[in-house]
Structure formats: structure tokens, C-alpha cells
């Protein structure tokens, strides 16, 4: 998108959503305008994070990208946690994970596959991604199986242990992939140099930091407005919290990454696209979800880590098919279709439930 | 089998089953004779389909084989749907899938493995088959998990959406494997040329079409007779609908393919055997099952796509172990044994339930 | 460990546990001393089995190792079966399987990975191990899904059929791996010769047999003492039978193998370590568990093969992640961490339940 248009739309939607929030009582309108505005602020936040990461040197930058790459989703979720909308938090986590693994990855693989017969990437990375995703699925699945008949404090204790295990797993993964085995996991399959080292950021260091700050503040503000109106909108439309969280909110937080991944795939950099899509899922499952458990403790209203059977089934199914397709380090258009079809099945059912 | 014997047995069993149907009230006898006769008509129908496909040119022929390869099973199932025996329909779908993935594939791999130490086939095909099978399992698993507490019309709506998704997935797969990526998926591992292009069919074009027509009509007739007597036989023998559908009816519709696959494996063409066994499962899961949902709508008595937990567990388990064994594109006798052992476990439990 | 110390501790703990059993009524003390003593006798039994296997020639030796390698666990479990503590038996089987697949394998891979950046082993073996483990999971999962509402005698019948299938599967696997496909499955990846052919046992044939006999007798005696006090200890400590079986008893029976596997991994023989850890799991699932079903029939108090949902979930999850990590025949420190993290999650939940 042209920069001018982006800035214009960013400002316009922000002003509209502010007016809607302060001067009207029309909650669907408040909700819709906050959603639109969030789309743009989340995109800016993502770009600013990348830019700051660029100036931070390789390792610190990798760490920044890996922990704040989903900052917008984290901020929205924190406001949902604050409002006690735990079901919607979990639905949005679920939606982000399946959206990344099925819709983003699927569209990328499909779009790339239309232009290139077979696209290849590092199978070692695919294998590790699959194993990590499995850790996440296990960590969410086990408590749901075992928790029937436990007391609240026992559930809370197990949730904290699992959250700690997931965060340890995530940071050791960063250490593994950014430090000890950086080279083995690189996207060297097609002989092209890494893009990241070539692209110069648009902004200076100072401007990047300023944008990071501004975008974070506005994502927070718009998130609060969105959360403020979400319940009454859900009621008015007759949509379930599950669907709003797993579809609408998940799409808003991830739209920028979605387009970036598809764009990369069409330039035959499927490895980068996979990294964006799967990496983002992992970040949400292994970092954002456990952080939210701790955040809920700070708010004095502990959220447990027990997802519903629906959500676990959806996450498990998404990660199984994504692993099955990516495990050999090669993709084609049909594999993209398969992922999108599974996404359609899951969202159809989420809509009906 | 010698042709003469085949024709003699075909005629004999047909006459006996007709007599049983029209002149006796002995329902077990009617059932048994219809079963026997169906075995031969299904084999003839399969052979006629292949022969017509041969004359239709490569692509149309491939399409014909892929959509009418399981015509006999489809016809039997349509009569079961018409009679409202939905549980038996689903059981026979389940039985066909696990029979192909475990018994046919297992016996082929075992028989081939006794003659050849290690047999190899195209691992790319194996990977795609596994992913497609996973789509089928997901499509059957998701509604069963999510459907508790939904209204009948919601269930019906979801069933139709899923049926459409599956059929789209199946036809795009045909487009992928017959048109855009035909070469990548070929069975070239062992350097032999494709058999299909060499075998001349026994019949001329006109004779093939005639046989196709006749066989279809008789499969339909015998199916109606079989369905007519199946319920009272189930009661008389004390067998569950699950077992009759998943064992007896599934075996009848697939017997011809079973022997073809084993035969191919013993000629070291394990790739063709895998293609027959796994391809047949995929066809039933992605094409026959959804078609039956639509057929039931035509009959005004909609069948949903919700399989029982037993059936989903059996299908999931069968496709998991079959993928695990075939994923590396190489087989040996022990892997065949493993598949057969899982089949024995599943059928034992189906029998007892 | 130095031999002198080993002998001294063996004798000391045995004497203490005997005194505790005969002259005190302090059951926690009886339990703790029997546990300690068992650790050493199990290690001696393992070493004696290996030594006898060495003198038995290649095939018979392989068979001996494969069937009596977990003799200590088998003996403990038999005494638990005799006491009718079926829940604890199943918990200890579960604990042995997940302990081997997650803790032992995880620590080995981690320890090896700290010294060597990437360790490799025969991926064909890894694939077969994964398929076999899947057979075991299926065999335990299927009855648990299907058994609701069956009579006791039907459950008993199915349990026996499944036990027979598993044992057939296990012995055919031994025939496959020791006779027909011995070479294909060898640990030849890193070009080193097989260790087994080089190590001379410490004892002569006669001494080995004597030690085998003595160790078996003492493992049996200590097992009886342990089982005698286990129930009252469980009550006194407030620990569940699940946790005692799945953690304590499983660790005692496997401690010797644990240290051997880690030791091998640190010498860059990761293939041997995987073989010990995964092989031991397979032995327990495919050989020890079904044997116990038959043993229970001999005692006239039939134990069924229906594991609880918790246990099946734990075994399934452990074998999925272990397969996912080992399937490519290459390991690194992070994969070890992943396995250990999953172990921590599972044992935390076992402790709480």
C-alpha cells in the first residue's frame, strides 16, 4: 500500500473511532470503527518493531521480533483479560493460532504455488516447528483432559506450572535458533541470501522508537474501546464469543502479517512465509498465552489455561495438518488449498456452535 | 481367475439369489446369495469402468477411474440410504476405509515383502496421500466433537458445508494429480514404465460400455435385494449393524480391488498397490461419503455426516498408522503385519460392541 | 560407579530393608528401604542378563535381552498384580513408558547435544520404532474408547485378544530386527563399529548365570516387601496410586537403564541411547503389559487392559512427541529439553490428580 494512503486511512479511522467512542452510543459503530483503526495501528506497530529490531543488532533484534512481533494481539488480549472476558481471550488465542497455521500459511502456499510449481524451504526448521507446535498442543491438551474434578486452586497451580514450562521452552528455543544453531536453521535452500540483511528500514533509529511508542499507545487505546463495546455487539449480532474471538479479533491482530507472508511466498521466499505464519503461531501459543496467565494474576482475577474441547480440537487439528504438509520442506498449490479447506471447516463450526 | 469360471459363477450366483429373493422367505439365504452375487458383479463393474476409462483418453479416463472406481460401494450405500439405514451406511464407509488402509494395504505390503526385502515407491505421493487422509479425518472428526447440543437444522447445514468442502478438495486433488503435477506423483521409483499404458483391455469400446451398463444395473438389483434382507439377518445372527456394515458389506464392495492390490505388490509394483488401497480410501472418504449426504437430501430424509466416536476413532487410528508406515516411501513385510494386527484389533472390538 | 561401592551399597540396603521388614512396623521406612535396595538389585539383574545374553550367541542373546531386559519391572508388577493393585500396575506401566520416552530419551539427547552439535542415528530404525509405538498406543486406546457398556466377560475377552495381538507383534518384530532385517536396522550412521561386539563381560558364563539367579530372587523378595507397604505409604503421604506407580515405581525399575542411556549419548552413541530408551518402552508396552494380563488370569483375578483416559493421553502424547523428534534420525540439545518439559507437565498433572 502506498504510504500516503496508509497514513490518511490511519488518521481517518482513528478520528472516526474516537468520535464514535466519545460522542455516540451506537456500540456496533464504535466496535466497527475501533476494529478498522486497530488494523492500521497493528500494522504500524509491527513495522516499528521490525525497524527497532534492525537497529538493535542481530541477536537482540531477533529477540525483539520474537517477543514483540505479536504485541498488538498481546495488548488486545490484555484488555480482554482485564475485562474478565476469559472465553473471548482463549477464543482469540485459538483463532490466531489456527488463522496463522491454516489461513495465512494456506494462502501463502497457494499463492506461491500458482507461480512456482514446487517451492522448497529448510526441512530441519519445519521439523522443529512441528515439534514445538506439538509441545504447545500437549501443554493445552493435558490440563483439559485431567482437570475434571480438581479444585480451583489446584487448577490455578497447574496453569502456572504449565505457563512457566511454556515460557522456558520458548526462550530456550530462541536461544537455540538465534545462538547455538542459527546456521542450521537458516533459509538457505534456494541459494538466495537472507532478505532481512538487505532491506534498509525506512526510518532512523529515533523515529522508529518514537513510532513504536506512539503505535503501542494507540493500539492500547483502540483495544480498550473495542473491548468496551464487544459484548453488546456480540449480543446484538447473535454471534458467539467463540466466533468473535476466533475470527474477528484474530484477523484484526494478524492482518499485517497475513499480507506480508503471502507477498513473500509470491516472491518464491516460501521459507520466510512459513517462518512468519508458523513462527507467529508458536509465539502466541508459547509466549502470549502463558504471559496472559501471569497478567491475569496481576489483575487479581486468575485466568486458568484450560481451553475448551472445541478450541483444543481446532488447535490440534490445525497443527497436525500444517505439520503433515510442511514436514518435507516442499509445498505446492494444492497443499495450500488443503489448509484453507480445513480453515473453512473449523470457522463454519465455530460460527454455528 | 479363469474367465470361464468367472462367467459361470457370476451367472450361477445371480440366478440363485434371484430365486432366493422371489421364491423363498428364507432371509439369511437371500442375504448370503445376494452377497455372493454382488462380489462378482462388483468385480465386473470395476473391470468395465477401467476398460471404458482406457478408451476415454488419459485425463477423462483418470477422472472416470477416480470417480466410478468405487461405484459398487456407492450403489450399495445408496440403497442403504434409501432404506434409512444410516448407521449401516456409516459403518460400511468406515469399514471400507479401514479395510483398504489396513487389510488391503497390509496384505499387499506383507505379500510383497515376503518376496522382496524392501519395496519402494514415490514418497511425495505418500506424503500427499497422508495429508488428504488427514483432511478426511478432520472433516469427520470436527462435527462429531462440536455437534452436541445443536439443533437438527444446524447439524444438517454443517453436514452440507463439510460435504461440499470435501468434494471440492477431492476434485482439486484430481486436477492436481492428473493435470498440474502428474509427473511429480508418478510411480517412477523403480525405473519401470507405468503398467497402465501397456495393458490392452480385453474388450472393444462398445462392449466395455455395454458391460458397464449391465454391471451397474445388476449391482443395483442385487444391492436392493441385499438391503431388503439385511436387517432381519442382523437380528437373527445377533450381529451389530456396525459389524455387518464395517465388515461384511465393506468386504463385498472391495474384494476385487483387494486381490488386485496384493497381486501388484507381489510383482514388486508396491506403488500401484498403495495407490489402489489408499486411493480407494480417499475416494470413499472424500467423494462417496459426501455424495451420500446429497443423495439423502434427494430422498427427503437427510443423513448427517456425524460418525460415531467408535467409527472416527477407527478411521483416525487406521490413517495414522498407515501414514506412519508409508511416509518414507519404503515398505517391508513387518510393516504389513503391523497394519493387519491393527485391523484385527479394530474388527474384534467392532464385533463385540 | 566403582564396583566396591556398588557391592557395599547393595548389601547394606538389603540388610536394612530386611531389618525394616522383619523387626519394625514403620511402613514408610520399610517402603523406602525396599525401594533403595531394589535400585541396586535391578541394576545387577540387568547386568547379569546382558552378560548371559553375551554368552548365548547373537540371536538367542538378542532375544534374551529383548525379553528379560525389563525383568525387574516385570517382577515388581507381578507382585502388584498378585496383590490386586491393578491401578498401580497400570500406572507403573504408564510411568515406565513415558519415563523412557521422555525423561531418559530427553536427558540422553540433551546431554549428548551439549557435547555434540548434532547427533545422528539410523532414521529407518526411528521410523519403525515410531510405528511400533503407535501399535501399542492404538492397542491401549481402542478398548478404552469402545468399552463403555460392555459386560465384564466381553472386556476380559477383548483384553486377551489384544494381549495376544501385542505379543505376536512383539515377537515378529524381534524376528524382523534380529533375523530378516538385522543389517538395515543397525546403528551404522556414524561409521563406528557396534559397541556390543567389543565389550567383554566382567563375569564368566557360570558366574553370570549365578548372578542372574540370585538377582532375580532378591528382586522378587524386595518387590514383595515393597508391595506389602505401598498402600499404607500412599495413604500416609497423601499421594495418589497414579503418582506412586507412574513416578516412584517406574523410576526404581528403570534407573539403571537411565544412566546407561545418558552415558552412551555423551559418548556420541546416540543410536544406542535411543535404542535403550525407545526399545525399553516398546518392551513394556508390547511384552510386559500383555504378559501381566495373562499372569492375572493365572492368579484367578483377571486384570483387563483398559487404561484410564489420563494414562492413555499421557502415553499417546509421549509417543507422539518422541516420534516427532526422533523421526529424522538427528537430534540436538533443544529436542532433549522439549522431551523433558513434556515429562514435567505430565508428572505435575499426575501429582495433582
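Even glycines carry a Cβ here, placed using N, Cα and C.
Any TrEMBL annotation is an automated prediction that lacks curation.
Features reported for this protein in TrEMBL:
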- B:1-20: signal peptide (SIGNAL)
- B:30-48: transmembrane segment (TRANSMEM)
- B:30-178: domain 'Sodium/calcium exchanger membrane region' (DOMAIN)
- B:60-81: transmembrane segment (TRANSMEM)
- B:93-114: transmembrane segment (TRANSMEM)
- B:126-149: transmembrane segment (TRANSMEM)
- B:155-176: transmembrane segment (TRANSMEM)
- B:207-227: transmembrane segment (TRANSMEM)
- B:208-349: domain 'Sodium/calcium exchanger membrane region' (DOMAIN)
- B:242-264: transmembrane segment (TRANSMEM)
- B:276-299: transmembrane segment (TRANSMEM)
- B:305-326: transmembrane segment (TRANSMEM)
- B:333-352: transmembrane segment (TRANSMEM)
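Counting Cβ pairs under 8 Å that are 6 or more residues apart, the transmembrane segment (B:242-264) and the transmembrane segment (B:60-81) reach 3 or more and are in contact. Beyond the ends of the signal peptide (B:1-20), by six or more residues, the same chain brings 26, 29-30, 33-34, 36-37, 39-41, 43-44, 218, 222, 225 to within a C-beta distance below 8 angstroms of the stretch.
The helix, strand and coil residue counts that DSSP assigns across the domain 'Sodium/calcium exchanger membrane region' (B:208-349) are 120 helix, 2 strand, 20 coil.
Long-range neighbours of the transmembrane segment (B:60-81) within the same chain, counting only residues 6 or more positions beyond its ends whose Cβ lies under 8 Å from a Cβ of the stretch, are 38, 41-42, 45-46, 49-50, 52-54, 88-89, 92-93, 96, 174, 178, 216, 219-220, 223-224, 226-227, 230, 249-250, 252-254, 257, 279-280, 283-284, 287-288, 291-292, 295-296, 299, 301, 303. Nonlocal intrachain contacts for the transmembrane segment (B:155-176), taken as residues 6+ away from its ends with a CB within less than 8 angstroms of a stretch CB, comprise 62-63, 66, 132, 135-136, 139, 142-143, 146-147, 282-283, 285-287, 289-291, 293-294, 297, 302-306.
Per-class residue totals from DSSP over the domain 'Sodium/calcium exchanger membrane region' (B:30-178), listed helix then strand then coil: 130 helix, 2 strand, 17 coil.
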